[in-house]
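Structure first, then comments.
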Amino acid sequence: MITDYERLAAMNKDHLWHPFTQMKDYNNSDPLIIERGEGIMLYDVQGRAYYDGFSSVWLNVHGHNVPELNQAITEQLGRVAHSTLLGMSNVPAIELAEKLVGVSPEGLNKVFYSDSGATGVEIAIKMAFQYWHNKGIRGKTKFITMNQAYHGDTVGAVSVGAIPLYHDVFRPMLFPSHVIPYPYSYRHDGGEAGALEDTLTALRHLLETRADEIAALIVEPIVQGASGIIVMPPGCLSQMANLCRKYGVLLIADEVATGFGRTGAMFACDLEDVSPDLMVIGKGLTGGYLPVAATLATDEVYEAFYADYQEQKTFFHGHSFTGNPLGCAVALASLKLMEERNMIEGVRAKASFVERKLAALKERPHVGEIRQKGLMIGIELVRDKISRETFDWAERIGVRTSLRARELGMLTRPLGNVIVFIPPLVSSEAELDAMTDILEESIIHVTEGGSVT
Ligand SMILES: *Cc1c(COP(=O)(O)O)cnc(C)c1O
């Protein structure tokens, strides 16, 4: 008699190919199979409960199986599940666009929908490219990105990506981008000031010499996510934005990870009063419920495409599920809940609670740095705290720590030697307390080979 779990695990092994996963390793382990969620807990088919300590890869806002969000979807489902935005419109897509313009940085007045962060980025870079073309300015065709940037996995998004492990194999098929240093203060000899200086100098130099070849700069504002939750020095983003403006280069803010309260502001750009020309949102947009993303543009960008049909300035781009009514309905409900629950303020209070709670962890011998902005936390583990020597990647210290956390009842996924803690914004202090306990205990267990006393 085989159990339900064994049956599913066998089919999973036979037929599923998982993202960002070496299947040979994965198939040698017992797969975790989630069956349901409630609040910030996920439950597997064997009935075990886990805290969702990484918001199901940085998406979840209000928890799982939320009555208000479920209801928004069911109500919309009773009307229509999907109809196209090609040449016609639908009710939730219109209402959400108006809402998004209201909550986003000044100047972003137009909303172009898609279905994932990567497609949203793809749209932003194509818009930036065609913007200059439509204005009759030739030659502004290149992009600037930052070292270790991650903007999604489609070919265009990978072309402005700069994580060698993910991107190098594809290099021959990509368009080349200029890469400037990202201010990684912890690993810069000059610390925060030196890192900031290097970034701004490189950007200024590039713009002084090549602005006439450059369409846009794309940046993960304030927090570079996939590279290891690396927080910019204060003032970096606003100074980069000023340089772009000065030299006539568009600024694309990729807020896919940072948007919707994660950093303690609605958008990370708000933290430095930056108004980008294009802004990409996804992940938390629907509360992490359904795949909807969007690219927001200024009137200035939009108007470069607004012309008589014969002028051929149309933006010829779209996806089958662009503006999906179910997704837009749940996004509206999610934004409503955020407002009703005063969530952004709540995030700031919860962030200081977590910061205080993790203070002791900083003293441990293998905790190199704890980086935090709002409820985005990355803990960089090192072999040697003084020299900042890294653990060898083959030791898989991050993976082992996350596995230990899972045994203790919390899910997360590391970024190399950086342990990620990005809890759902709805998490209570008691839940954050329990999750940070697990985090601490797993780090100490794996790096110090013992249990916390
Ligand atoms: C996750 C992410 C993306 C890609 O979003 P997908 O929905 O996975 O395609 C793009 N940019 C940033 C900053 C992200 O964190």
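Residue 1 is the first one shown; counting continues down the chain.
Glycine too: its Cβ is placed from the backbone N, Cα and C atoms.
All annotation found in TrEMBL is predicted automatically rather than curated by experts.
Just so it is clear, the model here is predicted, and its values are computed rather than measured.
All chains included, 27 other C-beta atoms sit within 10 angstroms of the C-beta of Gly117 (pyridoxal 5'-phosphate binding site). The pyridoxal 5'-phosphate binding site feature in TrEMBL is assigned to Gly117, Ala118, Asp254, His319, Ser320.
In sequence order, Phe54, Val57, Ser402, Val420 make up the list of same-chain residues 6 or more apart from Arg413 (substrate binding site) whose Cβ falls under 8 Å from its Cβ. Under the heading substrate binding site, TrEMBL lists Tyr150, Lys283, Gly318, Arg413.
For Lys283, the entry in TrEMBL reads N6-(pyridoxal phosphate)lysine. Neighbour count (other Cβ atoms within 10 Å of the Cβ, all protein chains): 28 for Lys283 (substrate binding site). In three-state terms derived from DSSP, Lys283 (substrate binding site) belongs to a helical segment.
In the vicinity of ligand 1, defined as a Cβ distance under 6 Å, the following of the binding-site residues Ala118, Asp254, His319, Ser320 are placed: Ala118, Asp254. Between the C-alpha atoms of Ser320 (pyridoxal 5'-phosphate binding site) and Lys283 (substrate binding site), the distance comes to 19 Å. Comparing the binding-site residues Tyr150, Asp254, Gly318 by how many other C-beta atoms lie within 10 angstroms of each C-beta, the top residue is Asp254. A straight line from the CA of Lys283 (substrate binding site) to the CA of Ala118 (pyridoxal 5'-phosphate binding site) spans 11 Å. Binding of pyridoxal 5'-phosphate is attributed in the record to Gly117, Ala118, Asp254, His319, Ser320, and the widest Cα separation among these residues amounts to 23 Å. Between the farthest pair of Cα atoms in the substrate binding residues (Tyr150, Lys283, Gly318, Arg413), the distance is 32 Å. Sequence-distant neighbours of His319 (pyridoxal 5'-phosphate binding site) (same chain, six or more apart, CB under 8 Å from its CB) are Ser114, Asp115, Thr119, listed in sequence order.
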